[in-house]
There are 2 protein chains.
Amino acid sequence: MFVFSLDENEDPVTGLERVVSFSNINAEERRQRRILSEQELAERQNAAFKDDDESALSARYESLDYEIVENQLYKAEENDPNHQQSLFQQSVNRWIVCLFIGIFTGCVAACIDITIYYSSRIKFHYMISNLLKLCEKQLDNGGGCVWMVEIAWICYNCGLVAISACLVLFVSPVAAASGIPQVKCFLNGVQIPGVVRLKTLLVKSFGVACSVGGGLSAGKEGPMIHSGAVIAAGISQGRCISFPIDFHIFKHFRNDREKRDFVSAGAAAGVAAAFGAPIGGVLFSLEEGASFWNQDLTWRMFFTAMISSFTVNLILSIFYGVSGFLSWTGLANFGVFENIEYNIWEIPIFLFIGVMGGILGALFNWISVRLLKFRRKYLTSRLQRLFECLLVAAVSAFTGFLTLFLVNDCQAVGVNPKLTELNKVLKFFCLWCRKGEYSAVANLFFQSPEESVKSLFHSPINSFRASTLLIFAVEYFILTLWTYGLSVPSGIFIPSLLTGAAWGRLVGIGVEYLFPNVTGVDPGKYALAGAAAQLGGIVRMTLSLTAIIMEATKDITFGLPIMLVLMISKWIGDIFNAGLYDSQIELNEVPLLGWNPPKMSRNILAERIMRKDVVAVEPVERVGRLMEILQTTRHHGFPVVDQINPPKENSEIPDYGHVKGLILRSQIITLLQNRTFSYDRNGERLVWGWKPIFLTDFTDRYPRYDNCLDKLELQPNDLNCWLDLRRYLHPHPHRVPLNASLQSVFTLFRGLGLRYLLVTDDENNVRGIITRKDIARFKEHRRSKKYSIREMFVSDFND
Amino acid sequence: MFVFSLDENEDPVTGLERVVSFSNINAEERRQRRILSEQELAERQNAAFKDDDESALSARYESLDYEIVENQLYKAEENDPNHQQSLFQQSVNRWIVCLFIGIFTGCVAACIDITIYYSSRIKFHYMISNLLKLCEKQLDNGGGCVWMVEIAWICYNCGLVAISACLVLFVSPVAAASGIPQVKCFLNGVQIPGVVRLKTLLVKSFGVACSVGGGLSAGKEGPMIHSGAVIAAGISQGRCISFPIDFHIFKHFRNDREKRDFVSAGAAAGVAAAFGAPIGGVLFSLEEGASFWNQDLTWRMFFTAMISSFTVNLILSIFYGVSGFLSWTGLANFGVFENIEYNIWEIPIFLFIGVMGGILGALFNWISVRLLKFRRKYLTSRLQRLFECLLVAAVSAFTGFLTLFLVNDCQAVGVNPKLTELNKVLKFFCLWCRKGEYSAVANLFFQSPEESVKSLFHSPINSFRASTLLIFAVEYFILTLWTYGLSVPSGIFIPSLLTGAAWGRLVGIGVEYLFPNVTGVDPGKYALAGAAAQLGGIVRMTLSLTAIIMEATKDITFGLPIMLVLMISKWIGDIFNAGLYDSQIELNEVPLLGWNPPKMSRNILAERIMRKDVVAVEPVERVGRLMEILQTTRHHGFPVVDQINPPKENSEIPDYGHVKGLILRSQIITLLQNRTFSYDRNGERLVWGWKPIFLTDFTDRYPRYDNCLDKLELQPNDLNCWLDLRRYLHPHPHRVPLNASLQSVFTLFRGLGLRYLLVTDDENNVRGIITRKDIARFKEHRRSKKYSIREMFVSDFND
């Protein structure tokens, strides 16, 4: 039905020919099969990569492993008299790690904010003010001076954006854009290369300060969430790979399972820092990522988010000179709605705003995906991408000035009591208006986006003309569209809120015009609804976004309309296309598993989903065959069976025996590394045994095992040794019969966070293996033309 | 280690001897085994029940089944050309059901509130006011009149409480107390008999109005949550069993899976209605119940909660004459904190409050459990229980008057600007003070608890004397303790908040006394922290409680301190004992599965957990054997195996073949019901076949199948027929090998919501079966003396 048509015989992971050797081939024959030289291997793997770029699921991504390998070592650990102590220590360590994640995430967020503050200070205090003084001396009001200011302004912005773009392009390309899709993939169980590296963090945090300081229509919130995730991954591992430092702590957390849990806490901390929304942060992590709801984990996430929010408040309260007052919540502080209520007759208006938001959001996503494809096709070199960034920076700055010239929206200072104390920015742009007036356009274009959102939410009724709002909304919509996907770190939250607030306020003015006799109409609440609708239409989050907006506005009263608006905008948006993050993930061919099994999947059985060309090993296996398997396949787990018989007729796959367990690639490599040698009389080395191995030995090189493969330096003699896997294999991997449906397989995968699922026949013989990619192939094809609107309307046919 | 020592050979479910018959016993022999008469069966079952009352897990509770039976009928449904249409219809219906759940829950909540309003109106307007007028005529101030008023007051309260208690004792005993533990069990997958019946709803909602109106230290919030759950279960089934009405709608939702999902939405709606906290409601359902986090389900829960909150606001806004203004949020409206901030030096004070809350909460739970045990042992008759309720009602009313006499805390009306307009209640009690003053004690004791909480939160600094607060806190703590667990519907939320607010305010006064020079100390914020701490220490919720309190106070600023307080109080409380709901659940021997697998469970293998005395059937089975199994066992699922061989030596259990599926008791009964007959020439009836059966036939009698068993009226001839189960069995039930650890079995059960898990050997032969009760037996023994404090401190050793 909605299934990718992939050739079933093709290996979706590598495209390599499978090397299968059988236990009944004698040792001599085996030895003659030479090990592939490194170069040959690299070539073959490159070829495999190239093939894969064409397929629907990219081979660049690997799965994370959430299952515990319950081998004999693991079980024996429990009998250790110190085990209770060690468990307690781990449990305490988890809290300590979370504490540090919270603190560091808060610090990074505060640093980003302070950097942006100083960058704008430099711009206004030193550059523009001085230029202005120069102007006043030389020229009368306006004229050439304006152009000078404008050019200086544009140059400064371009400079900052150039720094940001260079960092991304030349240091860490994965740090571009918001980072939320990447974090989402990681939480879903897909490893995106480089996404949680230290250099990504550095580029991301400094880069986003530059892009926001450089006046792009970009928010700092998405990058903060990504930063939180990187910090979590880094701290929990107790070491750094970019700079090879190992603190030799938290060794128990060096596995995918723990790392993923900490990253979810880090993402929550990022949201908490960005919006002062700890509950919203936890909900974000749950809604976007986690497939499980574990009370303890959720609680730690909450703690982390709380600490991060606390840290930001503390640092910023000190920075802004009100040290110790912690009620300062978050960076995206949208001010408090006072004494504003809503009535039941306003519900239809909120519904209308929701519909608008859904349509505009869908339009945004549609264009955005096309723009990304265009960039991928035509902007291939780094220089081109850098140039695009500079162009956008210049256009963004120019648009503001242009609008200022064209739209003459001067408002008396007295109209807006919140603006009685004009800040530096507005004072400068007062030049365009008469004395005692300020420019509403400047109020929107030249303040920080957060300040502009605040103005739109809380300014009194007549602070903005309808035309100003319309022009601003259209311009900002286009700028945001163009900015998102540039090679700079940039978030989508604040720009979307700003666009939405502008047209939401416009709706408010419309309502006031239509019902002039009704009191209590305040365009501010429609601006809030519009902001929610626009953002909801783009990212399609519901519960977490409601919590975030409520926490960021410190307001509960409007909870209900906000929810309503977000739901409607998601419904409407889903008719047309997927959310922005999901579209991007799909474009990158990531094997993400959705919330629900694909529709109409009852009659797709495990037999059809599974890959039949399994490479299995015996519980005691020759080193030579293991090496061969390691070097010629890129599988990460191998079923262990009690016997391997030659293939039956009409089949190329050997006839495997009963399931005895599952062994991971990383485990085999670690075992091979821990061999010891003796030397015979000629000084020739002999493998004679294996060192005693402990659980921690398996995590020492996490997550980079493959590097070690080349350093094994096995001699031909070594290859004849036998390796006993029985103590190390996972003795009871999950298995399903051949007639299990895709629906139940999906539920197992998603519910337990599996990486491998064995398929066995009636006698418990291994017949195939299912991995994440095999399931992801079957996801419904959103782009299919046949998709009826009715079918899309209700997104949860979870029959 | 921490394992219940249960005799392994004893059947923990029924204690019955197992009837196992083998396929190699000939048909004649089988026929001779007579079917048990109804009476005999009842006797045997009663005996089984009695045995079970002694065991650690009660047999009264059955598991819910979350797994989909993917049999051939189910798979064939997909090929139906109308299937897409039907899926869409189901999806739309889910939303419609949620809409109605929200509306009805809101209505019931509003009705409860309005009933309480009228009951207090009757008390004050008609009774007390008239008495007072009588007094003024006859006597001088005070004296005998006071006694008259007091007696009238006590009688009125006792009358209401008597109604409430009688309803519970004689109509629906399961409606007693808050109902949250029962809902929690249901969401966890345990069926508590009668918990979601209509009569429970009626008793609960009317009863709680009476108990709150009767002046007990009881809240209406817990019962509202239970009401939401009942409404959800009722509406989603499209029929009512208490009054046999069937609307013949929503037939697709007549299974445990859908029902459980709807009940979680209903519980969320209940919280939303009670506190005006839709997000808190969703979090409550997730934290207390759901083991899964499904985006679609969460979204529907959110929608339901929103609608319910909306409905309450709408009805109450109309009722209180401000129709249409929807900003009125919730029933437990604690007022808004204005311009109150907090500073970093106050954090230690909040920590102290958290510790206090933890200790007091643990004390509360400890006494409460002992009180429940005492009641169970000594208060066995209904009359005794009714008498206790009346006693508590009288004591509660008397305590207020006594305190009023003993504590002379009269405050000038001007001190508290919020009290300038004294309401009726306070005006009456002004009699005890001089003119222009009001009694602070009356302000606490004789208003509705919500109003008292509001007073404690928002009154200015000197509104209450320290001694008043102390006495009130102690008295209310004891009254709450005594009230909770009475045979009346009563919640614990508001009384706990009130107790906590009183001692929290006391702490605030202490702080003010210690640091007289610091400005900005407002006892209100400490009252809020104390309220959170006390409630958190008792119920041990974190995330959801934070959200609920934040939404109920409409305040985000104090989010951080509230979280902090709740965390600390949970940590401290967990050192001593479990939360109130968990203690109660444990006391009732419910096989609840916690969040994490039991500690030290790596070496407990499936072989040890499973029950070996499996009763399996063959794919085509004789009706006689099926009837025998149905009548002599109380199992609800039977493995289907390809052959059943006689037991090997040293074993009583037959030697089962390969797993072919699983068939449910309900399915067998439905199949037997759907047989058709023909008659031979002598008019003797012959079973000759089965009617065509559809999926909906299986759900028609949900959830009461066993009633039908007695009505089957099978003739001896019928028993020789063969029933082909192959089209109806679940062909790929989940299975684990003998060496699977408890840890992985637990994760499977919890993650997928299983009811049965087959244990197979290396050849895929059935060797045992694991049910919820088999796992629950292994839960850690909280009451064990050996529990070290350190071990308790960190509750999440999820190694």
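Backbone N, Cα and C atoms are what each Cβ position is placed from, and that goes for glycine too.
According to TrEMBL, the protein has these features:
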type: DOMAIN; residues: B:610-678; note: domain 'CBS'
type: DOMAIN; residues: B:729-785; note: domain 'CBS'
type: TRANSMEM; residues: B:95-118; note: transmembrane segment
type: TRANSMEM; residues: B:151-180; note: transmembrane segment
type: TRANSMEM; residues: B:262-286; note: transmembrane segment
type: TRANSMEM; residues: B:298-322; note: transmembrane segment
type: TRANSMEM; residues: B:342-366; note: transmembrane segment
type: TRANSMEM; residues: B:386-407; note: transmembrane segment
type: TRANSMEM; residues: B:464-485; note: transmembrane segment
type: TRANSMEM; residues: B:492-515; note: transmembrane segment
type: TRANSMEM; residues: B:527-549; note: transmembrane segment
type: TRANSMEM; residues: B:556-573; note: transmembrane segment
Exercise. Between the stretches B:151-180, B:298-322, B:464-485, B:492-515, which wins on the count of C-beta pairs under 8 angstroms to the transmembrane segment (B:386-407)?
Worked result: B:151-180
Problem set entry | the domain 'CBS' (B:610-678) [mean pLDDT, rounded to integer] | 86
Exercise. Going along the chain, which residues at least six beyond the ends of the transmembrane segment (B:298-322) come within the CB cut-off of under 8 Å?
Worked result: 94-95, 98-99, 101-103, 105-107, 109-110, 113-114, 228, 232, 261, 264-266, 268-273, 276-279, 281-282, 285-286, 328-331
Exercise. Counting only pairs at least 6 apart in sequence, do the transmembrane segment (B:492-515) and the transmembrane segment (B:342-366) share 3+ Cβ pairs under 8 Å?
Worked result: yes
For this session: Take the domain 'CBS' (B:610-678) and count its residues per DSSP category (helix H/G/I, strand E/B, coil), listing them in that order.
Result: 19 helix, 25 strand, 25 coil
Problem set entry | Tertiary contacts of the transmembrane segment (B:464-485), as residues 6+ beyond its ends and Cβ separation under 8 Å | 176-178, 216-218, 360, 364, 367-368, 371-372, 375, 392, 395-396, 399, 403, 407, 409, 411, 440-441, 443-445, 456, 492, 495-496, 498-499, 502-503, 505-506, 509-510, 580
